Amino acid sequence: NVRKNVSDIYYIFVGRSLGYLGGSVLGGVLFDCMNAALLLALSMLATTAGLYGIPWCKESVLLTILMSVIGGSMGILDTGGNVLALNTWGSEAGPHLQALHFSFAAGAFAAPILAKMALGGSESEELPGAEKTNQSVLKSVPTASAASTTPALKDHHDEDFLWSYIIIGTYILFISIFFFFLYSKGSSARDKSKASAQKGMRAKYHWPLVGLLFVFFLFYVGAEVTYGSYVFTYAMVFAEMKESEAAALNSVFWGAFALCRGVAIFGAAFLYPGTMILMSLLSSAASSSALAFFAHYRASLWVGTAVYGASMASVFPSGISWIEQYTVVEGKSASLFVVGAALGEMCIPASVGFLQGRFHHIPVVMYAAFVTSAMTVLLFPIMYKLANAPRENDLKEVSDSETRAALLSNSRLTEDEEDEEDEEDVREWNDADFEVIEMNDKLKNSLMDTSHKIAGDSPAEVSLQPHLDDVLGNSPVVAGGSPGRQNGNVDWEKSE
């Protein structure tokens, strides 16, 4: 469209990658301070504008800008999709994250087939003598006979080219409108309140854990893209397969990858994310070892490729679900995960390609799969150890509970001491009451002796009897109190 070779406009892909990284970082910041549905709607609207503008772009600089805009909006989308899923479903986001990433695998699997169906006819109508490379086709000067047929073929090709971008852009436009509708309904207010309520769940080693997961995703996504990009070349050069067999081997890898991502949607409803990661890492280690050391056997190559693709399927969504169990995943954290994946996608395939060009007789791609698999196997136990470190809030709760237990034990001791003091007071009062009773008995005996000395039924006896009854019979002696002693003293004074 811009009348240049792909090798001469490599900066377009660099601009797209840089836009993707910038969009991932910017999205991580923006998702913490604005509505998620609105941000996703705006990013997809920018993608639509870029897709609509690409077919009409005739300058490479303008094309680079449009590709950078699309890359930035895609970075925002990848970051925001994971954050929105976590904020919406929380601890139950595992199957939803698996479905989100399965949609990527399904699209990546179906897009080349649909593109081949849409553009395959025009490719077959090219001049029979023309070479298939971009350089020879674009730089060659058409002859007089070719000039008469080329415009018709070019117009037909441009029409398919144009409608492909319009259809994809319109599809994304509808999704953007749907997110605007969600924003108008205020759907993300509840999500943001839920996310703010989880702020206290941050792990003790939050940022070291995020950094290790950044490196983990860098190796994982780098290994995934590297093997998917170079397995066709490996099959042609080292395994000496036919082109159709090499294409089938490539399809086995991505087919197993997409299929297992679909199965992982249901597996996430029954298995913990950590269990799924452990199963994937063990399968990846076994299959990459077979590919690195036994790939010269055809059976090992086919089976190892299928198992390796299946083992890579659920790692990324399971990793995000796993870390969400131990700490709160904010926009900044999710952006680091996406940036790590993007860096792995750019750096590791480029490094493998460079080394493969230097060492032609060594299957670098297979050894790269083994090394990256070993790195992920080593990183996960370290992350697990950091994730399970007790948080400061947990330590505070433990200390508070111990303090409460100590206070309760002290209060029980105090209550026991008070009970003992009360019992001693009761015993003292009872002893005092018994002394009063003995004193009353002595008083009674002395009065009875005096009464016997008085002869007959004299008026003194009559007057003395009520007084005796008051002293002995009506004196309210209570075992646990002082009124009995006080009344006894009063009666004693009266008797005197």
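Just so you know, glycine gets a Cβ as well, placed from its N, Cα and C.
Look at TrEMBL and you will find 9-30 (among others) tagged as transmembrane segment.
Taken from TrEMBL, the feature transmembrane segment applies to 36-54 (among others). Panel annotation: around the transmembrane segment (36-54), residues 1, 23, 27, 30, 63, 66-67, 69-70, 72-74, 76-77, 80-81, 83-84, 87, 165-166, 168-170, 172-173, 175-177, 179-180, 182-183, 187-188, 191-192 of the same chain, lying at least six beyond its termini, place a Cβ under 8 Å from a Cβ of the stretch.
The transmembrane segment annotation in TrEMBL covers 61-77 (among others).
Per TrEMBL, transmembrane segment is recorded for 162-184 (among others).
Non-local neighbours of the transmembrane segment (205-232) in the same chain are 246-247, 249-250, 253-254, 257, 305, 308-309, 312, 315-316, 319, 323, 326-327, 333, 336-337, 339-345, 347-349, 352-353, 356, 365, 368-369, 372-373, 375-376, 379-380, 382-383, 386-387, 389; each lies 6+ residues outside the stretch with a CB under 8 Å from one of its CB atoms. The transmembrane segment annotation in TrEMBL covers 205-232 (among others).
Per TrEMBL, transmembrane segment is recorded for 277-295 (among others).
For 301-323 (among others), the entry in TrEMBL reads transmembrane segment.
The transmembrane segment annotation in TrEMBL covers 335-355 (among others). Tertiary proximity for the transmembrane segment (335-355) is limited to same-chain residues at least six positions away from its ends with a CB under 8 Å from its CB atoms, namely 17, 20-21, 24-25, 27-29, 31, 75, 78-79, 82, 210-211, 213-223, 225-226, 229-230, 316, 319-320, 364-365, 368, 372.
Residues or ranges marked as transmembrane segment in TrEMBL: 361-384 (among others).
The region 'Disordered' annotation in TrEMBL covers 394-431 (among others).
For 394-403, the entry in TrEMBL reads compositional bias 'Basic and acidic residues'.
If you look up TrEMBL, you'll see 415-431 marked as compositional bias 'Acidic residues'.
Annotation source TrEMBL lists region 'Disordered' at 452-496 (among others).
With pairs at least 6 apart in sequence, the transmembrane segment (361-384) and the transmembrane segment (277-295) have 3 or more Cβ pairs within the 8 Å limit; the two touch. Ranked by number of Cβ pairs under 8 Å to the transmembrane segment (301-323), the listed stretches 9-30, 61-77, 162-184, 361-384 are led by 361-384.
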